[in-house]
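Report on one structure; see the data block that follows.
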Amino acid sequence: MESRKDITNQEELWKMKPRRNLEEDDYLHKDTGETSMLKRPVLLHLHQTAHADEFDCPSELQHTQELFPQWHLPIKIAAIIASLTFLYTLLREVIHPLATSHQQYFYKIPILVINKVLPMVSITLLALVYLPGVIAAIVQLHNGTKYKKFPHWLDKWMLTRKQFGLLSFFFAVLHAIYSLSYPMRRSYRYKLLNWAYQQVQQNKEDAWIEHDVWRMEIYVSLGIVGLAILALLAVTSIPSVSDSLTWREFHYIQSKLGIVSLLLGTIHALIFAWNKWIDIKQFVWYTPPTFMIAVFLPIVVLIFKSILFLPCLRKKILKIRHGWEDVTKINKTEICSQL
């Protein structure tokens with residue numbers, strides 16, 4: 001009888017679903033000012049006996065549980081963006097010199113090409129974290145109520161924002177590590193010797209370029225601050241940390257500081273580009289540089305966020321999310337549905 005009870009308790013434990021994250025709560029019915037703490041249920045009724053297979057999933061449940069279901073969409077999108085960016089960068093950095101001047105730059109693939117893919121994927125995924133919030137606000141303004149359900153694709157997208165953010169942080173950390181490895185590369189040392197030799201041949205005593213120095217100092221500093229804020233967002237998404245925060249504190253960190261990190265990342269990319277926007281040589285085979293494509297979606301998100309932050313729209317959105325309904329728009333939708 002005891003072994004049967006243990007098996008039953010194990011099945012109950014594996015069938016139970018963990019509590020959702022704070023940002024996955026019913027965002028349509030929760031006020032931002034709520035400060036109540038969410039507690040995990042404590043399973044006191046489970047029989048705690050030591051067994052060798054205590055943490056093994058029962059065989060009948062192994063094929064019924066999905067593997068990381070909320071990570072499927074973010075990983076697929078990240079893989080698609082990374083693959084397309086890699087092929088695009090490979091075409092510009094390696095294939096073009098080989099086809100035009102027969103120069104082989106395949107050594108750039110492991111570090112230089114990959115390090116142009118990583119920031120592109122990171123900032124795009126970070127923009128995809130806050131884009132559904134913009135779309136949801138526009139939908140609520142259009143409907144005039146918060147009680148009408150969002151489309152299924154938007155609802156699914158909003159529930160995977162945490163995963164998009166964690167993947168963005170992962171690619172940002174990789175980008176920082178790859179960037180720090182630049183001076184350790186053998187090819188960089190050879191280039192440094194070549195630059196020194198060319199400076200001697202040109203009789204230049206000083207190779208200091210003022211605007212280039214300022215450019216690098218600024219964009220590196222902004223990149224460090226942006227990565228630090230992303231790290232803070234990643235830490236607060238850990239369940240043990242988020243449980244210690246009120247909903248208002250968690251919402252403030254994830255929404256306000258998240259937009260700040262997106263803004264810093266966008267400025268980081270723009271300052272990295274500096275005067276390359278008007279350089280004809282950057283448009284290889286009439287294709288724009290990678291940084292131009294990378295900042296497009298973040299700029300769109302920031303512009304719409306700024307528009308929705310205007311007092312006339314902000315007040316109406318807050319009223320709708322606190323339960324107010326626009327009767328005129330609701331009546332129009334009811335009449336259209338009846339027709």
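In case you wondered, yes, glycine gets a Cβ from its N, Cα and C as well.
The transmembrane segment annotation in Swiss-Prot covers 71-91, 119-139, 164-184, 218-238, 258-278, 291-311 and rests on sequence analysis. Residues or ranges marked as domain 'Ferric oxidoreductase' in Swiss-Prot: 118-265. Here Swiss-Prot flags Q140, R161, S237, Q254 as FAD binding site, drawing on similarity to another entry. If you look up Swiss-Prot, you'll see H175, H268 marked as heme b binding site, on the strength of a large-scale study or a structure entry.
Annotated features taken from Swiss-Prot, shown on the structure.
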residue : record              : Cβ contacts under 8 Å, 6 or more apart
Q140    : FAD binding site    : K146, I317, I320, R321
H175    : heme b binding site : N115, L118, P119, S122
H268    : heme b binding site : Y219, L222, G223, G226
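Counting only same-chain residues 6+ beyond the ends of the transmembrane segment (218-238), those with a CB under 8 A from a CB of the stretch are 21, 23, 126, 162, 165-166, 168-169, 172-173, 176, 245, 250, 253-254, 257-258, 260-261, 264-265, 267-269, 271-272. With a cut-off of 8 Å on Cβ pairs spaced 6 or more residues apart, the transmembrane segment (291-311) and the transmembrane segment (164-184) reach fewer than 3 such pairs and are scored as not touching.
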